[in-house]
Amino acid sequence: MPQEINVKPTEAAESVQGSVAAKDNAVQLINDLQDISFGEIAVVIVATWVAIVLARRVLPFLAERGPNQVRLYLLGAVPIIRLLLMTVAILWIFPIIFNVTFQNFLVIAGGASVAIGFAFKDYVSSLIAGIVAIFERPYRPGDWVEIDDDYGEVQTVGLRAIRLRTASDDIVTVPHVRMWDSNISNSNDGARTLMCVADFYVAPDHDAANLREKLRDVALTSAYLEFDKPVLVMLSEKPWGTHYKVKAYPFDMRDQFAFVSDLTIRGKQAINECSAREVTAHYAVSSDDSG
């Protein structure tokens, strides 16, 4: 005999209600898609794309044919205009696709806040480090600092980063967040001059006292020397010979590289006059590593 299957009325009603709700959701989705003006969205996207392409081509075209001052402003305006156009397009398309209510706005704002927080966490960290730098003052405009491999004069100190002008006349932007995990070497720390060092590597068979005096005279007769500061000539014995360091201060910090070059050129002449022999840098470094 066939078995009878008993189905409770409540379960049957729930299954019917579930199927009806699914159909209603599907119908609502289709109606929502039909309400979306895809033509308007396409027009906005195409218009934005055309405007961005025109900005990327017309502004550089005008910049190359205008004066230098206007050229920099026009080239710098290209990414700003592109960002503004994309922002306007997104704000235009968003209400077309989504029914923006107060509850939806709160949900979207919450999700956007989390995404923006993750995206800008390094930026916020740099801002906090910039505030700390204002009080601790590890660098200030006019200081010559070295941060990792970047060495140069501090041009500006902003809230997020500092701008260094290197010896190669390059502008390097260093975010303040590097303070947390990098050593900062400040050569002058607010003073108007700094110490420069010229290195010489000499073979051991020479008169060290005579050469030391000659290297000191080289520094004292330099046109770049700050006479109110001491001049030091330091020696250290190495397996390959003697390492001389001439330490002195230039009158102007901006002349530090010319000062070191002057000390190096005339220092090499002094070594030749003492009948001493220089050791090549490759041999000196190799000996230091092995020793």
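Heads up, the Cβ atoms here are built off N, Cα and C, so glycines get one too.
Because TrEMBL annotations are produced automatically, they should be read as predictions rather than curated entries.
This prediction places the mean pLDDT of the domain 'Mechanosensitive ion channel MscS' (122-188) at 90. Per TrEMBL, domain 'Mechanosensitive ion channel MscS' is recorded for 122-188.
Residues annotated as transmembrane segment in TrEMBL: 41-59 (among others).
Residues annotated as transmembrane segment in TrEMBL: 71-94 (among others). Counting only same-chain residues 6+ beyond the ends of the transmembrane segment (71-94), those with a CB under 8 A from a CB of the stretch are 41, 44-45, 48, 51-52, 55-56, 59-60, 62-64, 100.
Marked as transmembrane segment by TrEMBL: 100-120 (among others). Packing against the transmembrane segment (100-120) from elsewhere in the chain are residues 94: each is 6 or more residues past its ends and has a CB under 8 Å from a CB in it.
Across the domain 'Mechanosensitive ion channel MscS' (122-188), DSSP helix (H, G, I), strand (E, B) and coil residues number 20 helix, 26 strand, 21 coil.
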